[in-house]
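Here is the structure we will look at, set down as structure tokens.
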């Protein structure tokens, strides 16, 4: 009985991987990771605080920006504890249930961020193509419904793939390729027929990301069509400038996401460092860069940050 219990425990335990070949430098490698996480958390929390406290930012564009910050944090925070446990040599072990929960949140918030970017594209479309109806179309009630729909649309399709993992035996290696759990990583360790998970996962990615990217593309086609009708060059530039931050956010999410998918599907025998590098870019770059881009390019956010940092100086200058 003791032997059976021991084997069950081992069967439900997986082992995370840090940076292969650089184990002796893990403590030093953890420093830039720690700084990136701190920048991402502080940047997104700052944007959430400014949007919540500044009445001038209670507009659809900034509500969607707050959603983007929440999804950025939801995508990166589940990986933080397990990553530092590996890099600080605390433990490489992760229980199967914890692994499943972690991958559920990573994939859910990844799809949610894509949906939020689609909503932000529609926001820009309404603002540029139908400016007089902007406030009446994008009401707070509709924005709330869009946020809930984006989360449910992302979470529900993930459940079947994640739930099926509980019925798979893992009789071979239990060593994962990353310092956190991804579905495409753990599925290769299963000793069972995983065709459904592989095909379902590819269909889900194609449909969700495909629909979102198509929606973003169509929105910008209409935006460009409307902008080209503006007579003055300054007016065209001003209209397009309001979309620059969103375009950067789209590229920051989709380029690493596509790169990671390609590496997992078609470069399985490439260097492990490539897989690890792409996986960390996929999870760390959007939460770090999005707040920086929106802080630099959006005047209202920039003013809110300055007011947060130097409230007395700004108050005295306005008097």
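Note: Cβ is positioned from N, Cα and C throughout, glycine not excepted.
TrEMBL: automatically predicted annotations, no manual curation.
Database features, via TrEMBL:
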type	residues	note
DOMAIN	43-294	domain 'G-protein coupled receptors family 1 profile'
TRANSMEM	28-51	transmembrane segment
TRANSMEM	63-88	transmembrane segment
TRANSMEM	100-122	transmembrane segment
TRANSMEM	134-152	transmembrane segment
TRANSMEM	198-223	transmembrane segment
TRANSMEM	244-267	transmembrane segment
TRANSMEM	273-293	transmembrane segment
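Using the rule of three or more Cβ pairs under 8 Å, pairs at least 6 apart in sequence, the transmembrane segment (198-223) is in contact with the transmembrane segment (100-122). Across the domain 'G-protein coupled receptors family 1 profile' (43-294), the model assigns an average pLDDT of 87. When Cβ distances are compared across the two stretches, the transmembrane segment (28-51) makes no contact with the transmembrane segment (100-122), since fewer than 3 pairs at least 6 residues apart fall below 8 angstroms.
Outside the transmembrane segment (134-152) by six or more residues, the chain places 60, 63-64, 67, 108, 112, 115-116, 119, 123, 126-127 with a CB less than 8 A from a CB of the stretch.
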